[in-house]
Amino acid sequence: MSTAVTGERHTGGGARAPKATVRQWLGLTIMVVPLFMLATDVTALYLAMPAISADLAPTGSQSLWILHIGEFLTAATMITFGLLTRRIGARRLLLWAVAAYGLASLTAAFAADAEMLILARAVLGVGAAAFTPAGLVMIRTTFQDERQYGIAFALFMAAFTGGMAAGPPLGGFILEHFWWGAVFLINVPIAAVLLLGGPLLLPRNHADATVRIDLASVLLSVAAILALVYGMQEIAASGPDMIAVLSTVLGTLLTLVFLRRQARTAHPLLDLALFRSRVFSVLLVVLFLLMLGTTFVDMLMAQHLQMVRGLSPWEAGLVLLAPAIAATVGTAAAPLVARGGRATGGLLLGIAGAAGLVLALRLPESGVIELAALLAVTMLMVAPYITLLSQRLIGAAPVEKTGPATALQDVAASLGGAASIALMGAGALMIHRTVLGSAAPGGLDPEVVDAAGESFGAAPAAAVGLEASDADALLHAADAGLTAATQAGYLVFSLVVLLTAVGIVVFGRRFKG
């Protein structure tokens, strides 16, 4: 997995690649801070929602849009921004995106109503879509030495996992001492510093005015990804109702139309030639499947800790801080893991799969410390491989196509995560309902039992008005259902990770070039 995963660095004529200067390493901080800022926003927003709801009184639908419109638009515009890294240059694109992110954060901080906050969140999502492709284009062209490139790539990826780890405690501190808008306002001075330092430290901008943007392709890609992600998340939230299914079908059809146009237009938004590389295509599928098998378990565990273990959101956040920190450490350690080859990668994923299996089997009896330790082990082992997988995937594309390749990687990860939430969410809810129904007292009204199984957190409301003994029995049945669903989620997680480990060891040699 060493050279096969880290990607080749070509300098021409066998010459030794130049080492990065101090200024270039300082420029890396400008590239990674936006990603850290984005990650802290994602986690802090969930903590801020109760205060936002109390102040702005959004409807249920508006609350969902506040939470999700940013990620919808990030996924929908990534492909466009991947090409824009070539059209206007990565440095200029990143600085424009940071400026938009800062202004949108200022607007969100002082939003007077839900509509204004939704609009600000939409702009935040669009701005965030440029961070990864612009940053990785500059990293790939700046760090010519293979070892330094691996370190820079790992630090870039670690910025996001580190932000996810820092988000809950940072957001909790801000919300405890200030109003909810301060969660957004903190981005404004950070953006200002980045805009001042960027022109001095970031590499020279490289724009290609000959690159053309096909507006029809832009509209098709945005509509297709929006429809797919929205449909899958609605299926996860409300089940396969008519709107969610139609949205998913529409997104699939628009994707086919989009791909057909890319094959025929003279100025494709997505260069289908990238898929001629077997390495690129296979790794893109592996990334999608890994996200499909691993994303939803985090949400299941968060709900298990609060609903079954009785932890407060703050206490649950502290438990989940352990795997978040472990993921950050594992991501930063990816260059060291790369030296060990395929066997090391397979071993680490094997340990992660085994830890997930132990977690699934011991979940009902395990204490909180044991649980946190097992979660930390899984993330410490998985994070380096996902980092190296991403690095190898981007390395399989020509340097001038780094932006589009990065955008495709992000879209695959986003769609894999959305599909995980939809498919595994539906499966987990079915298990929850089945176990709850079989464990509930036989004398209870079936409608009460059905109401308790409407969602993972519906049992307390359904138990209102029941006799104390029946209410306790119903709540214990709901706990058993959620525990069984969480166990099933981690069994799927273990299966996916173990199969990936076997694939690395058995088939990894075939994908070195």
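Cβ atoms here come from the backbone N, Cα and C positions, even for glycine.
Quick look at what TrEMBL annotates:
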type	residues	note
DOMAIN	27-512	domain 'Major facilitator superfamily (MFS) profile'
TRANSMEM	64-84	transmembrane segment
TRANSMEM	93-112	transmembrane segment
TRANSMEM	118-137	transmembrane segment
TRANSMEM	178-201	transmembrane segment
TRANSMEM	213-230	transmembrane segment
TRANSMEM	242-259	transmembrane segment
TRANSMEM	279-297	transmembrane segment
TRANSMEM	317-338	transmembrane segment
TRANSMEM	345-363	transmembrane segment
TRANSMEM	369-390	transmembrane segment
TRANSMEM	411-431	transmembrane segment
TRANSMEM	488-508	transmembrane segment
Item checked: Feature contact check the transmembrane segment (64-84) with the transmembrane segment (118-137), CB under 8 Å, 3 or more pairs -> yes
Note to self: Should anything in the same chain at least six residues away from the transmembrane segment (488-508) have a Cβ under 8 Å from its Cβ atoms, list it; otherwise answer none.
What the structure shows: 1, 4, 286, 289-290, 292-294, 296-297, 300, 342-343, 345-350, 352-354, 356-357, 359-360, 363, 378, 382, 385, 424, 427-428, 431
Checklist line | Reported mean pLDDT - the domain 'Major facilitator superfamily (MFS) profile' (27-512) | finding: 83
Note to self: Counting a contact as 3 or more Cβ pairs under 8 Å, with residues at least 6 apart in sequence, do the transmembrane segment (64-84) and the transmembrane segment (213-230) touch?
What the structure shows: yes
